[in-house]
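A.B. asks: One structure, as structure tokens, below. Some questions next.
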Amino acid sequence: MGLGDMETPNSSAGGQPDTCFGAFNASGGHNNTQNSIASPWFSTAFGLIGLCSNLFALCVLLSSSRKLSSRTRSSFLVFLCGLVITDFTGLLVTASVIVPYHFIKFTWAKVDPSCHLCNFLGFSMIFFGQCPLLLGATMAGERFFGINHPFSRSTSISKRRAWSIVGLVWGFSCLLGLLPVLGLGRYTLQYPGSWCFLTLLPDTGNVIFCLLFALLGIFSVLLSFIFNTVSVVTLCRVYHDRESVQRRRDSEVEMMVQLVGIMVIATICWLPLLIFIVQTVLQQLPASGQTQMLLPETQKMLLIYIRMVTWNQILDPWVYILFRRAVLQRIYPSLRPRPSIVSLYP
């Protein structure tokens with residue numbers, strides 16, 4: 001996802017409900033509140049912060065992966081790398097469209113009359129939005145089986161297999177983002193006119209696509225919560241077991257701290273938007289086929305929730321940067337490297 005809050009386009013296309021320019025009226029009285037709600041500097045400043053944060057985290061991850069001999073930890077770093085790459089690329093792609101719009105102030109209807117650019121930006125918002133949620137659930141599932149069933153597989157996931165799983169997540173998210181291009185729903189220009197997203201209008205295609213995107217995201221968050229909760233409980237039991245006091249799995253604890261941090265951030269940043277999408281499309285169902293334009297309040301709330309989602313991409317890399325063992329040991333010196341509990345069994 002990215003930076004959906006620049007200025008209103010310099011032309012109105014509110015009378016084109018069958019194109020990507022019909023979801024809101026660009027000249028419909030938003031100018032009075034534009035300065036307070038849709039400040040372009042919010043996107044620019046936080047976009048740069050997010051790009052620098054993810055780039056720094058990626059460098060730290062690559063440096064750490066070269067020093068590791070633990071196969072379990074290496075596969076986990078692959079998933080983290082996939083998450084950081086996704087967040088960084090998402091910010092870069094969305095900014096490459098929105099920032100030029102801010103400085104050039106082009107007319108969307110003239111520059112993109114066939115809606116190709118809008119479809120690309122909408123696809124990017126869905127793809128780079130769904131990927132982190134699915135990757136979070138995948139990482140939680142991998143750690144769940146690794147911690148609760150350590151002997152159910154002879155070896156840990158290799159780097160190649162971990163990258164294959166990341167590729168599958170990217171491929172699935174790509175297919176999801178292509179659905180409007182293939183005819184299920186459509187991407188439309190959103191208030192204040194600088195970004196495109198799924199359409200919260202009550203026709204059948206849009207309702208199905210909105211519910212598919214939102215419910216899949218909610219399911220991913222809930223799945224992460226269940227997996228992480230069980231894994232944390234298991235680690236707590238092992239950590240405080242008298243017979244296993246010397247078998248503390250510090251590496252597993254470090255990974256779970258990072259996973260819980262990623263889950264908490266995703267929950268806070270994403271659930272409001274996902275629930276808002278479900279509520280909006282379901283409330284509009286009785287008026288199916290009649291509503292051709294989003295209400296101003298709906299447009300503004302969607303913008304606010306998208307801003308919250310942007311924080312997910314900014315905060316994700318700092319979870320790994322701040323919650324590494326090297327940092328945690330300075331806060332909690334007794335967290336010393338010890339062998340994994342798996343290696344202590346015959």
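Every residue gets a Cβ built from N, Cα and C, even glycine.
From TrEMBL, here are the annotated features:
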type     : residues : note
TRANSMEM : 41-64    : transmembrane segment
DOMAIN   : 53-320   : domain 'G-protein coupled receptors family 1 profile'
TRANSMEM : 76-101   : transmembrane segment
TRANSMEM : 121-141  : transmembrane segment
TRANSMEM : 162-185  : transmembrane segment
TRANSMEM : 205-238  : transmembrane segment
TRANSMEM : 259-282  : transmembrane segment
TRANSMEM : 302-323  : transmembrane segment
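Walk me through the surroundings of each of these features.
C.D. replies: Listed by sequence, the residues of this chain that lie at least six past the ends of the transmembrane segment (205-238) yet keep a Cβ under 8 A from its Cβ atoms are 126, 129-130, 133-134, 136-137, 139-141, 143-144, 147-148, 176, 179-180, 183-186, 198-199, 244, 247-249, 252-253, 256, 259-260, 263, 266-267, 270-271, 274-275, 277-278, 280-281, 285, 288, 341.
Sequence-distant neighbours of the transmembrane segment (259-282) (same chain, 6+ residues past either end, Cβ-Cβ under 8 Å): 83, 132-133, 136, 139-140, 143, 198, 200, 202, 206-207, 210-211, 213-215, 217-218, 221, 224-225, 228, 231-232, 298, 301-302, 305-306, 308-309, 311-312, 315-316, 319, 323.
Listed as Cβ neighbours of the transmembrane segment (302-323) (distance under 8 Å, sequence separation of 6 or more from its ends, same chain) are residues 1-5, 37-38, 42-43, 46-47, 49-50, 53-54, 56-58, 60-61, 80, 83-84, 87, 90-91, 129, 132, 190-192, 195, 197, 200, 254, 257-258, 261-262, 265-266, 268-270, 272-273, 276, 294.
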